[in-house]
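Shown next, in structure tokens, is the structure this report addresses.
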Amino acid sequence: MAALGSLPTLPEGLTYDDVLLIPQRSPVRSRKAVNTSTRLSRNIHLKIPIVASNMDTVCEDKTAVTMAREGGIGILHRFCSIEEQCAMVRKVKRAQSFLIEDPRMILPSATKAEALEELNWSGRKGGVSCLMVVDDLTSRRLCGVLTKSDLTFATGSALVETLMTPVSRMVVSTNTAITLEEAREVMRTKRTKNIPLLGPKGELLYLITRSDILKLTGNLNATLDSRGRLIVGAAIGVKKEDHERAAALVDAGADVLVVDIAHGHSDLCIDMVKALKVNPLTNKVDIIAGNIATAEAAQDLIDAGADGLKIGVGPGSICITRLVAGSGVPQLSSVMDCARVAKKHGVPCIADGGIKTAGDICKAIAAGADTVMLGNMLAGTDEAPGRVLVKDGKKVKIIRGMAGFGANISKAEREQRLDEDVFHDLVPEGVEGSVPCKGPLAPILKQLVGGLRSGISYCGSHSIADMQQRARFVRMSGAGLRESGSHDISKL
């Protein structure tokens, strides 16, 4: 400890507004030639380095679907029941798929009314286009197919078996290794909209639909799993019940789990990562852990088995950890320190929080982050959860921190432990606010990626990896920051 009256030599912490990237000679002739692909974790690759934050006002299934279609990924928040979070995972997986593992099924003895209810299933926008008719929901032996058009002139009491197209007249396949191109060719030559894939006993295994093939072939940027489904992540905590949550999420189809607590450099987080990596129910997916702010934390989580790191203690727009607990590290320095350790082990890093502009994304990635996690910038979009409110004559949506008062009270109420002690004991490290309604998410992502492409080009690079090797920073004064924005005009 320093002697009384003297100050120790303190390290300096920098954030995004303290620096700029120095422009360098560029061989890039077009921004379109810049490669923005990266890794989220050891085994998950993305087309763009943007991750939707696991906040209940930012990322549920709608946000996650758009994120994956645009080349990124969404992390589903955990401030809901296990069943609700798993249902969101399944919705993302069904939104765009080559092989549908659980097609909607119905029995031959069902009525028209029951069939209509199944066709209008709420798990997919607009319902489903057809139902697979099976003899039994357990054995799943295919009997036929029922479409909406089959019901057009049917009476209310008509049975499915009298309305369906029998299996003898259907195009089916037993080739469970069929490729996307092969399926498209079968549909073209046989003029069919659906191909059920059957097992040796005629049991229904998968379903391929024309609409899903068109979605896949029409979007080359989407991040997909090995079965052609959109990828999605899910957040968990470190409590006893989170072991059950983790196993259920993996079973539902989550591609990655994010152990997400405010102070990730803790025995609770480290022990959770270790447990997930040895549990056969969860160790088949990558595990990301955080949040952290130091090189020591990065090393400890990597030693525990983490496949990715989430960096950021207190930089978020709705986070007040640094004010309440006096703890944190300015974000640019955090990213640099953690990434330096992570790179040695081949573990990707997520820069979580403090991103206000596309330029900040460029700085975070140049500093060593492989991806950035966005909350505020994606809140208020059409896909973001929450109702549209009107404030001062303008449409807004709510954004709130997951360590804030409202989120924790909602959690306590859901867990049926809401009493007077909860109100007295809670020390919030997050706040609630509103953001303007911003419209669809996809155009916002395109603008951010366009800025990143420019930033990579200014660094004289063609890719993220190249940028991280070549990037050079310059510190700037407050006057330099003011000069960086628009000035000396009246904005329109």
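Here, residue 1 is simply the first one shown, and the rest follow in order.
Backbone N, Cα and C define each Cβ position, glycine as well.
I261 (NADP(+) binding site) falls outside any helix or strand according to DSSP and counts as coil. Long-range neighbours of I261 (NADP(+) binding site) (same chain, six or more residues apart, CB within less than 8 Å of its CB): G237, V238, L268, C269, G290, N291. Sequence annotations record features per position, and here Swiss-Prot assigns NADP(+) binding site to S30, R31, R78, D260, I261, A262, V313, G314, M402, S454, G455, I456, S457.
Across the domain 'CBS 1' (99-162), mean pLDDT in this model comes to 87. Residues or ranges marked as domain 'CBS 1' in Swiss-Prot: 99-162.
Swiss-Prot lists 164-223 with the feature domain 'CBS 2'.
Take the CB of R322 (K(+) binding site) and look out to 10 A: across all protein chains shown you find 15 other CB atoms. Residues or ranges marked as K(+) binding site in Swiss-Prot (evidence: sequence analysis): G314, G316, C319, R322.
The active site, thioimidate intermediate feature in Swiss-Prot is assigned to C319.
In the three-state DSSP scheme, T321 (active site, proton donor/acceptor) falls into the helix class. Under the heading active site, proton donor/acceptor, Swiss-Prot lists T321.
Sequence-distant neighbours of D352 (GMP binding site) (same chain, six or more apart, CB under 8 Å from its CB) are S53, G290, N291, K310, I311, G312, P315, G316, V372, M373, listed in sequence order. The GMP binding site annotation in Swiss-Prot covers D352, G353, G354, G375, N376, G401, M402, A403 and rests on sequence analysis.
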Just to be sure I understand the packing, how many Cβ atoms besides its own are within 10 Å of the Cβ of C319 (K(+) binding site)?
26
Measure from the CA atom of C319 (K(+) binding site) to the CA atom of N376 (GMP binding site) and give the result in Å, rounded to a whole number.
11
Tally the residues of the domain 'CBS 1' (99-162) by DSSP class, grouping H, G and I as helix, E and B as strand, and everything else as coil.
15 helix, 17 strand, 32 coil
Lowest local Cβ density (other Cβ within 10 Å) among binding-site residues: G316, G354, G375:
G354
Close binding-site residues near G401 (GMP binding site), where close means Cα within 10 Å, chosen from S30, R78, V313, G314, G455
none
Closest of the binding-site residues to G314 (K(+) binding site), Cα to Cα, picking from S30, G353, G455?
G353
